[in-house]
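Working notes for the structure below.
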Amino acid sequence: MASGKLFRAIIMGAPGSGKGTVSGRIVKAFSLKHISSGDLLRANIEKRTELGLIADKYIREGKLVPDIYITKCILSELEQIRSHSWLLDGFPRTREQADDLWNQERIDSVINLDVPFEVIIERIQSRWVHLPSGRVYNVGFNDPKTPGRDDVTGEPLSQRPDDTPTAVRKRLEVYDACTRPINEYFDKKGVLVTFKGSTTDEIWPHVRKYLEAKIQ
């Protein structure tokens with residue numbers, strides 16, 4: 001970043017909203033550290049830390065890792081990078097987590113991506129995955145070179161069973177119900193900014209312009 005000013009942001013967006021792509025562009029363009037709650041949890045499990053062992057136990061039992069452990073994991077990580085600017089992805093997921101985070105860290109911006117549900121459902125319907133590698137293709141946007149085949153291995157692509165329109169809509173409704181109180185919380189704090197659009201390329205220029213003005 002051009003100046004020594006620290007900048008701390010959160011990115012919010014429904015599954016399929018393009019949050020991962022926008023996050024990657026933000027991190028690259030503004031040299032922020034990317035803190036993903038999912039990646040952080042997986043790293044703790046791989047390193048077999050105390051938190052990782054606890055999380056692994058819950059996951060193996062098919063249970064969600066309790067909020068208290070996720071919060072502890074994130075806040076501990078942020079404590080260690082106080083001298084860096086960062087973008088937080090996947091946290092907070094509850095009003096209580098938002099409160100815990102706000103009380104420990106100064107949050108400059110909460111970037112909320114607002115993509116119509118119908119657009120997301122259509123996008124996910126056209127998504128095909130190479131399951132062994134996780135490579136994702138989208139028909140009409142990021143097509144495989146050979147229809148139905150992975151570009152690298154030539155192996156067949158498949159659709160995830162939970163990517164049906166009904167399942168996707170249910171996930172989006174759950175996401176909306178969970179995140180609305182969080183967005184309202186940050187809106188009252190004066191740090192929420194929402195970017196509406198149907199595609200990443202449509203949304204990104206506005207996000208970039210906003211951040212260029214904020215990070216000076």
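Every residue number used here counts from 1 along the chain in the order it is shown.
Here the Cβ of each residue, glycine as well, is placed from N, Cα and C on the backbone.
Per TrEMBL, the features are:
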BINDING   Gly16, Ser17, Gly18, Lys19, Gly20, Thr21, Arg127, Val136, Tyr137, Thr200  GTP binding site
BINDING   Ser37, Arg42, Lys63, Leu64, Val65, Gly90, Phe91, Pro92, Arg93, Gln97, Arg160, Arg171  AMP binding site
DOMAIN    127-162  domain 'Adenylate kinase active site lid'
REGION    36-65  region 'NMPbind'
REGION    126-163  region 'LID'
REGION    142-164  region 'Disordered'
From binding-site residues Lys63, Arg93, Arg160, the one whose Cα lies nearest Gly16 (GTP binding site): Arg160
Rounded to the nearest Å - Cα separation of Ser37 (AMP binding site) and Gly20 (GTP binding site): 13
Inter-residue Cα distance where the pair is Arg93 (AMP binding site) and Arg127 (GTP binding site), in Å: 26
Helix, strand and coil totals (DSSP H, G, I; E, B; other) for the region 'Disordered' (142-164): 3 helix, 4 strand, 16 coil
Residue from Lys63, Val65, Arg93 whose C-alpha is spatially nearest that of Gly18 (GTP binding site), among the binding-site residues: Arg93
Stretch-averaged pLDDT - the region 'NMPbind' (36-65): 90
Alpha-carbon spacing, Gly20 (GTP binding site) to Phe91 (AMP binding site), which is rounded to whole Å: 14
C-alpha spacing of Tyr137 (GTP binding site) relative to Val65 (AMP binding site), in angstrom: 30
Sequence-distant neighbours of Arg160 (AMP binding site) in its chain (C-beta under 8 A, six or more apart): Arg127, Val129
In the chain carrying Tyr137 (GTP binding site), residues 6 or more apart in sequence that have Cβ under 8 angstroms from it: Arg127, Trp128, Val129, His130, Asp143, Pro144, Leu157
